[in-house]
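Chemist: If you scroll down you'll find the structure; I have some questions about it.
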Amino acid sequence: MAETMEDTVMTSADIEAETPPDAVFIAPSIHKPDVLAGRSYAHYSPIPSLISADMSTECVLGVDEAGRGPVLGPMVYGLLYLPLPLHTSLLATAHHFDDSKVLTPAVRSSLMRTLCTASTDLHASCGWATKVMSARDIAAGMLQPTSAYNLNAQAMDATIELIKNVLAQGVNVTQIYIDTIGSPVVYQRKLERIFPTVQITVAKKADSLYPCVSAASVCAKVTRDAALEVCAEAVVGAGGEGGWGSGYPSDARCSGWLKRSMDPVFGWGSETRFSWGTAKELLEAKGAPLKVEWPVEGEVDEMKMTDFFVGRDEETEGDELSGWYGRRVTEEVF
């Protein structure tokens, strides 16, 4: 898998599928102060009653992400777990979970609302979690001057963090299914070293193959949609009418908003991934109104101790101190 998907050509149908709906469900995973401040955070649902009643219940867990390629908004990792016997019957048969990109925005929101409603079978059986990785933090990691924290590493760390914290709650997870980052074999081996007692399957298109991954993808996608909507309400007005659409570079609404809203010095706010080529090109364009060169820490005004000493051949005539100290005494003195 590529580092990002910002160069992927998207059809108009793809763009509309990635655009938050007008009435997106604001799930409990939306922490507005953190979203608006550009802070990354994690959210964990309570352990569902069907599992908390018997913590020895064997569970299956799925992980997937949403928002890998956009220049605007967070990337969100979603996790969902439930009792192993209900894996297919509840998620696939009863509620028809599928890859979030296949489902319409309205269907995704409806499924997430059901998952969060206390009187439903999904709420009683399924636990879930999300890791919201802010655009600011993604870019800061990728733009580090040394040892850049690339997107794949950030994604893997988010996945590991979510799984570890669910296991720490005492949930008896025996099977894990994950949509891959890069090579499925390499990714699976790394996770097996970290979680040696759990059966782990990493696969391409896992969100279409395993119902728990499909459900995790819905959690991730609805959370991202809502986070993007919360940001839009607070930010988009500054850029004029038209909004920013899906947040993907190939969406004309997004690219138009970026051009209209760019500050010549600071660019945009914490909703934008400055590490994306789209943002870099706008900031560094040949006809940009202002070019700023930020000094790299440690490269400015560095002086060595020897810089404070003047060599014999460098002595300056009339220098009082050099005339007073350190000159060789000649024989004429005696």
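For all residues, glycine too, the Cβ spot is worked out from N, Cα and C.
Got these off TrEMBL a minute ago, pasting:
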type: BINDING; residues: Asp64, Glu65, Asp179; note: divalent metal cation binding site
type: DOMAIN; residues: 58-288; note: domain 'RNase H type-2'
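What's the neighbourhood like for these features in this structure?
Modeler: Take the CB of Asp64 (divalent metal cation binding site) and look out to 10 A: across all protein chains shown you find 28 other CB atoms.
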Chemist: For Asp179 (divalent metal cation binding site), which residues in the same chain are close in space, meaning a Cβ under 8 Å from its Cβ, but six or more apart along the sequence?
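Modeler: Those within reach of Asp179 (divalent metal cation binding site), by Cβ under 8 Å and sequence separation of 6 or more, are Val63, Asp64, Glu65, Val202, Ala203, Lys204, Lys205, Ala206, Asp207, Val213, Ser217.
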Chemist: To test your reading of the divalent metal cation site: which residues beyond Asp64, Glu65, Asp179, same chain only, put their Cβ within 8 Å of the Cβ centroid of those residues?
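Modeler: Apart from the listed residues, the neighbours are Val63, Ala66, Tyr77, Gly78, Ile178, Ala206, Asp207, Val213, Ala216, Ser217, Ala220.
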